[in-house]
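J.: This is the structure I want to talk about, given as structure tokens.
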2 protein chains.
Amino acid sequence: SVNPDLASERQTASFSVEKLTALLDGGTEQTRIRRAVVEAIESDPVFSRENQYFQTQNERYEAAVRKAVHLQTKMHEMGWTENGPEYKYIYRALSGDVAFLLHRVFMRSISVLGSDKQIAKWIPLATQHKLIGSYAQTELGHGTYLQGLETTAVFDTATQEFILNTPKISAMKWWPGDMGRSATHTVVFAQLYIHGKCYGIHPFIVQIRSLQDHSLCPGITAGDIGPKMNFEHIDNGYLLLKNVRIPRENMLSKFCEVRPDGTYVRQGSQQINYFTMTTVRISLISDEVLTPLMKACTIAIRYSVVRRQSKLKPGEQEAKILDYQTQQEKLLPQLAAAYAFHFINDYLQELFNRGYREIQRKNFDMLPELHALSSGFKAVITQHCTAGVEICLRACGGHGYSLLSGLPSLYTKILASCIYEGENTILLLQTARFLIKCFMAANAGQPVPPSVTYLAAVKHGKCPAKNKLDFLSPDIYTEAYQHVAVRLTSSTAAKLQDLIQSGVKKHDAWNQCTVQLVQAAKAHCHYIAVKNFAETVEKLETKAGIQKIMKHLCDLFALHGIFSNTGAFLHDGYTSAAQMDMVTASYLDLLAIIRKDAVPLVDAFDFTDKSLNSALGSYDGQVYQRLYEWAQKSPTNQMSPAYERYLKPLLHNTLSKL
Amino acid sequence: SVNPDLASERQTASFSVEKLTALLDGGTEQTRIRRAVVEAIESDPVFSRENQYFQTQNERYEAAVRKAVHLQTKMHEMGWTENGPEYKYIYRALSGDVAFLLHRVFMRSISVLGSDKQIAKWIPLATQHKLIGSYAQTELGHGTYLQGLETTAVFDTATQEFILNTPKISAMKWWPGDMGRSATHTVVFAQLYIHGKCYGIHPFIVQIRSLQDHSLCPGITAGDIGPKMNFEHIDNGYLLLKNVRIPRENMLSKFCEVRPDGTYVRQGSQQINYFTMTTVRISLISDEVLTPLMKACTIAIRYSVVRRQSKLKPGEQEAKILDYQTQQEKLLPQLAAAYAFHFINDYLQELFNRGYREIQRKNFDMLPELHALSSGFKAVITQHCTAGVEICLRACGGHGYSLLSGLPSLYTKILASCIYEGENTILLLQTARFLIKCFMAANAGQPVPPSVTYLAAVKHGKCPAKNKLDFLSPDIYTEAYQHVAVRLTSSTAAKLQDLIQSGVKKHDAWNQCTVQLVQAAKAHCHYIAVKNFAETVEKLETKAGIQKIMKHLCDLFALHGIFSNTGAFLHDGYTSAAQMDMVTASYLDLLAIIRKDAVPLVDAFDFTDKSLNSALGSYDGQVYQRLYEWAQKSPTNQMSPAYERYLKPLLHNTLSKL
């Protein structure tokens, strides 16, 4: 039975939840396929996550391996293939709680970087899981700056082998997933040396464990890097190489080859590598970043209509906490952001697909823009969503802090997304570099990519809004965002030039502008996200209330951004203080409006109870029963040796009855 | 041997680290005592936290109980007493990793709320650990709003007993520490009923476990609430009461008594309870909030001078990451905040001591101000420090995400401080209520407490700064903060009055202003923190470079607050856009100045390696060795059954050698 406080929220939905779900999925057929995958996975006990919050790191790892192996059987049984329409839903249905994810990266890197011969040899073995692959790039002392990697691969013409070494401790490979305990092979990135000359970083296939008994191969030291904030199911590993010899054929050689005599030959374009990073950054947004935020919103919003605390009106029963303005102000902007980023993800996917088609035609023109957008949005979305999940956790008070709420693990996992696949600050600076370059080009009358043409049109006008309702006009707020993005880019470009002209060296000047460059890059992404949301809303069908509620969320997303960062809009007087008060009024009004549809808006995300794995967020809202039932199963309710060892001796001479 | 990249940072300190440590401790004698306590605790293997990151929740609990029991012996052995000068350093030296903390709250509540007879009976038993106490207030469905608690205590005149019950699941006690597995007794807060009439919440001493064999007493259901984000060492518990009978004498009766015939007598003042909450909120700031931020700063800053990544200048070696402006902008404001809040803590302690003396003289005049300040600062400091620890964690990239860095556990623990002892938003609204009241009073010419007299003096001037150096003048920035606090309070008071005058009911009007009321409360606390820091700096001795470096930190703290919240200062034109650019310039200049002393400034916190328990933050900066050595000890490097069970069958038909 559904908690009546939750049930009543669903009776007043202003729109069709099922239609919104279909919109999010990209069509009713997609919704059908997704649900079928979820149903098949969740009804299989091997994939259960029921005891997850009680398990040790070792138990989590073992379960993840079991699931990965069982998944092969399951896919065969269900007729799912890697190219089928179901595939993209499997990982989401498993909530990523499965091993051998790096095995896929291993395969991808061979497919992209390997010669046809190498692909023909390794891909079938990997596909059939006759080996388990990993991907060893990051070192203890080296992350983002790949040129700094210290592992060496020296070519020995006499034996036609590469000799791999970890010359010092900071060169040890560190963090690669699946490498700590599972992998038999890995792709090692190392500095290539031939006849004493360094040719830079290259990828090499290295066997690290025996296929017979899984023991470490000669010269290999490897193991697990130990406990982390999350990802207990993954065996992130370390790897030391001491004179490990591999055949010449094991250097991935689509683009570079070492001939038997030691001649180094570079062939083809390197730009495709650049594109691979872009792909990864875009692909992680949906499953690793948006899904956790959507789950957190679902949990926190459902809980906030079931939890009653204190009185809003004297004499009445205690109020639902979602009826407090402060609670709305915490949660509803996160909900709006989840939708905004869902739509920007569609935009990025489409842009990426277009870019991919161009690249296949050997046209690399879109690469700089794609790189800038994927870097900037990876940073902005991971940052925003991580903060959003934390807000949801805190907004649930004490119960949000229990692992059983599901919120702590969502937070500790999404936090990693701010760090992996490019640290966010560095990514934002890459976007900023692109912005500055385009700003200069645009001002010199040169053509620039579509997403930055607006930089050419520096306007010095004022915001034309006359009352608070004007701030519900997408033209008004989109233009305000555009104005801020242009201002921050142009003022930082000016500072940079001033510094250089005053004699500061170029690299020092750049460093002295980086705090502001990061602001400019964020403003650029924020502007595009708002614009894209507004344009998406415009195109939606007006039936079933979908467009109307999406328009409210778009307005909320835009006005929350202004309200939380008023200085950027007030700075040069584009927005006046009186107008800012209008923004505040409209923003607070919107909270009360969207609050009415809050539960239907999270219902539309269509998470099952099993996928939420939360005592606070279940569809029926029976929060307290579930917390109690669940807690009773905790291993901390088994007898502890602490009683016999410490408490009994302490208490033993007490009066039998006080 | 100290990593040379770290050693070089210490050679150029502009001030005496030892003198600054003494300043923080409150004198050289205090430093000596603290170090002696730390030395005694850390040299005792029972108190070791070495394997903490590898332990399960059960193991953590067992260790905490062992430490708590051993601590009694240790104190006896060392001659430490609860009233001695060493006592306050013990908990810090243990990093709070010890059981029976609620036993102390149990004792305190009896001392404060119990009659002389009750104190004489229970306190000696508790002191000698002949029982283990807990404190059962919070329920599954009730936290902040104490009047809503649902547990009942019905007086039975026939047997002279109270009958305690949990009438429904939401009434179950939930969260009390030490209750899940350890406690034999607890203080239960319940609604008192006599002859069918409810007299509100009262405290009752209830035995929950047998002193003979630790089994649950009749009518009691109790256990552990399971896994949490941190606090694995504490057995937070649940408690169900079914017709549990306790003697009439077990109601704590200093202020209220039930006579044998059922007559209810209220005596004495209840205001002292109010003061107890204030005490707790102030007392947690130092150990639970400031220490974690100081530790996080120490770890992140030491790591940031040892970690080299990418090149700042072409051709040079990779740069220390602390040399990047963006890294400075992440970490140095946190360092400045740690100092600012250390000094505000001194201020609050002093105010509290003064208030305590007044209360002993039966003068309760200071209570409202103390309540407002302790609530507001509890919220502002926990919020700021939690965000600061998270920034430190993220600023260490991947290695910050390893539990071995120490940062994840600092974060997950400090996060709880935003929730416990009053949820932060609710506390800020209490402060806001005080501000609005005082603002009204001040404007009506009535006297107001000292910390809010400034609200009477609404000035409509402009910031007088003419160049960026003017913003290094405490008068300039303190006045700007004051202006913002007054503006936010007065504009929200006006909005509130407008709403009420337009016919909105008082409680609805309040709710519609809460987002802005929270802003006003934060601005008030921020203003006081800046003013207090500036005044503290003024009084410091100019010798040994202490005042100079503290002045820089004070400036940084103030300017960072403006830089991060420019809109508040720009809004009504008090600060112009040109002045805001001066703020930015001075702020960024300060980062480069303080960066030079960053390591000495964290060295002054004087944490030992054992107390940091971090592979990244040790005094010698040998980061990579420590990560490697430590990881090898992880239980995840033991043989996993996953190989035999799942990997071997998968790989068994693979070629023996590829």
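A Cβ is built for glycine as well, from the same backbone N, Cα and C atoms used for every other residue.
According to TrEMBL, the record shows the following:
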- A:16-132: domain 'Acyl-coenzyme A oxidase N-terminal' (DOMAIN)
- A:Thr138, A:Gly177: FAD binding site (BINDING)
- A:274-436: domain 'Acyl-CoA oxidase C-alpha1' (DOMAIN)
- A:Glu421: active site, proton acceptor (ACT_SITE)
- A:474-651: domain 'Acyl-CoA oxidase C-terminal' (DOMAIN)
J.: Which of the recorded positions A:Thr138, A:Gly177, A:Glu421 have a Cβ lying under 8 Å from any Cβ of chain B?
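T.: Near chain B - Cβ to Cβ under 8 Å - we find A:Thr138.
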J.: Counting by DSSP secondary structure, give me helix, strand and coil numbers for the domain 'Acyl-coenzyme A oxidase N-terminal' (A:16-132).
T.: 84 helix, 0 strand, 33 coil
J.: To what whole number does the mean pLDDT across the domain 'Acyl-coenzyme A oxidase N-terminal' (A:16-132) round?
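T.: Averaging the confidence scores along the domain 'Acyl-coenzyme A oxidase N-terminal' (A:16-132) gives 95.
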J.: Rounded to an integer, what is the Cα-Cα distance in Å between A:Thr138 (FAD binding site) and the residue listed as 'active site, proton acceptor'?
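T.: Counting only the Cα atoms, the answer is 11 Å.
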J.: If you draw a 10 Å sphere around the Cβ of A:Thr138 (FAD binding site), how many other Cβ atoms fall inside it, taking every protein chain shown into account?
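T.: Looking across every protein chain shown, the total is 20.
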J.: When you measure from the Cβ of A:Glu421 (active site, proton acceptor), how many other Cβ atoms are you left with inside 10 Å?
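T.: Total other Cβ atoms inside 10 Å, all chains included: 19.
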J.: Distance check, please: Cα of A:Glu421 (active site, proton acceptor) against Cα of A:Gly177 (FAD binding site), rounded to an integer number of angstrom.
T.: 13
J.: List the same-chain residues at least 6 positions away in sequence whose Cβ sits under 8 Å from the Cβ of A:Gly177 (FAD binding site), in sequence order, or say none.
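T.: Once residues fewer than 6 apart are set aside, A:Gly177 (FAD binding site) is near A:Leu101, A:Leu102, A:Ser134, A:Tyr135, A:Phe231, A:Ile234, A:Asp235, A:Asn236, A:Gly237.
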